[in-house]
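Per TrEMBL, the feature region 'Disordered' maps to 54-169, 536-572. Marked as compositional bias 'Basic and acidic residues' by TrEMBL: 54-69, 160-169, 536-560. Under the heading compositional bias 'Acidic residues', TrEMBL lists 123-133, 145-159. Feature annotation from TrEMBL assigns repeat 'WD' to 173-205, 274-316, 335-355, 369-403.
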Amino acid sequence: PLLADAEMLGTPDPQLAATMGFSGFGKKARTFDLEAMFEQTRRTAVERSRKVLEAREREKEEQSEKEFRISCTGSSVSASSTTGPGSTLTKREAVYSESEDSSDEALSGPSMQSQSSAKGPAEDTDDDDDEEFIGPPLPPGFKDSDDDNDNDDTEEEDNNPVKKIPDSHEITLQHGTKTVSALGLDPSGARLITGGYDYDVKFWDFAGMDASLQAFRSLQPCECHQIKSLQYSSTGDVILVVSGNSQAKVLDRDGFPVMECIKGDQYIVDMTNTKGHTAMLNSGCWHPKIKEEFLTCSNDGTVRTWDVNNEKKHKSVFKPRSVQGKRVIPTTCTYSRDGKLIAAGCQDGSIQIWDRNMTVHTKFHCRQAHASGTDTSCLTFSYDGTVLASRGGDDTLKIWDIRQFKKPLNSADGLPSFFPMTDCCFSPDDRILVTGTSVKKGGGSGKLFFFYRETFQKLYEIEVTDASVVRCLWHPKLNQIMVGTGNGLAKVYYDPVKSQRGAKLCVVKTKRKERQAETLTQDYIITPHALPMFREPRQRSTRKQLEKDRLDPLKSHKPEPPVAGAGRGGRVGTHGVTLSSYIVKNIALDKTDDSNPREAILRHAKEAEENPYWVAPAYAK
């Protein structure tokens, strides 16, 4: 519309010229009434877009009427009675009903994307409805056939859960050389954090990374303490860092400290009366609903809840007890999915669960959940909140219904675990349970095992690397599996079709070309008051200077690389450039064997006696 109006302005129409504020081109210039011009342009644009929209609406109505007539002729009497006489089904209603059908067929679970949509999970159905109006109408029957195919696929996947595991592709992030003992993904899945036994915490941004897969930040928040656990809060704006010291830390998204928990008084016997932990921390996690609250457990025999806004004192203390009522150390802790229960796995093999508001007595407990004296390394609740999975230091993985807590629903053994933070987690649809296994150095590959939740049948396994698999995390939004290993790698498994964003964003980006080091150009010395004769010409930019240098044959001469292997082109390999240097080097090489130092020294004894040079002449004088 604006272009059209501009063309109208270009034609010297006197009536238009008068209305627009100028009467003739040769006369004195007059001021334009800009507001009137804009208003007229806006009206024209609105009018035109309204006409276009009306035309599209009419087209769509005709289309839907045709479809309706076709469906009416083939449909049964009952169908026509439900539709009602003379009612026309608009495109939007048809799409809505289709989406409803597909949502009914979709699997239960927290955030399963409908298989038909290749869009991000954040987009609502409203957007889809709006998008229906953009562009020409789809040919009739197009959407239906697509939906049918998708429904067949989902039915096939329902029958075979292995097809849901996104492991067709993988990327490897190099955290360091030591064990990756902590992994955390923010709720949207944009950023990954890894922590390890090398005290480092590294930040990885999938959208900002290219194919070189470099972390954008690395820091040591807890000096020389191994990182035990890292987790983003439910809103993703802060990170809980649990390390080998007694004070948990909270960092913001960029790694700057927000708060540090207070250290308790280790000389007080009753742990309720100290303000914080007095011994090494073992684990910690955020409250799933209250974004300011988090939980930690420690070797001082307590589980404490904290508020981010109050670092001076804990909120509440839970003290696990053995059968005899003695203090017992909690090795892992977690909240239930609704945040109402707090569970802790203890060193005496028990799992103890409290109501979050009742600190004294446990609500549920199982005394012989795992072997006594072993570290239960992970507790996690299923997404539906009815089932608890526990990974024991006794090489087992068990699943419990906390309402019948005497014996496990299912259990799997023969899963070696050498780390106090070996993980287990549920798949986004709640039907698969995942855990990793540990291996000794040179003892084969660490594996990731997938068990069917209902029967505990082993569905699948992935050989990850030739070291232990410590951490695993299956993100529900991305549908990607992150794995931390004992040799400093963080691996991301994904499927280009089933997974969203995450690793898919960075593998497609080409590696950035490294910028030429700008130090190659000569330093420019600024001498503002020098005489013109001595003044250097000011360099405009280093790039231009570099281009000039490339044209100069002397400056851009590449030095001869050293000859590898046998010599060629008149140069002797690996021993300098000329034959003489080769001979000199060979003369200088001492072929004597100095394996016995006493003999090596005594070899010179006779010569020193006959021809004293250093010591004897000095003492003689």
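Cβ from N, Cα, C; glycine included.
TrEMBL entries are annotated by machine, without manual review.
Quantities reported herein were computed from a predicted structural model and do not represent experimental measurements.
Proximity of distant same-chain residues to the repeat 'WD' (274-316), defined by a Cβ-Cβ separation under 8 Å and at least 6 residues beyond the stretch ends, is recorded for 228-229, 231-235, 237-238, 240, 242-248, 250, 258-266, 268, 327-335, 337-339, 342, 344, 356, 359, 420-421. Distant neighbours of the repeat 'WD' (369-403): 108-110, 331-338, 341, 343-351, 353, 409-417, 419-426, 428, 430, 433, 435, 451, 453, 456, 476; these residues of the same chain sit at least 6 beyond its ends, with a Cβ under 8 Å from one of its Cβ atoms.
Counting residue by residue with DSSP, the repeat 'WD' (335-355) contains 0 helix, 12 strand, 9 coil. Per DSSP, the compositional bias 'Basic and acidic residues' (54-69) is made up of 16 helix, 0 strand, 0 coil.
Residues 427, 429, 431-432, 450, 452, 459-460, 462, 479-481, 493-496, 498-499, 503, 507 of the same chain lie 6+ residues outside the compositional bias 'Basic and acidic residues' (160-169) yet bring a C-beta within less than 8 angstroms of a C-beta in it. Sorting the repeat 'WD' (274-316) by DSSP state (H, G, I as helix; E, B as strand; all else coil) yields 0 helix, 19 strand, 24 coil.
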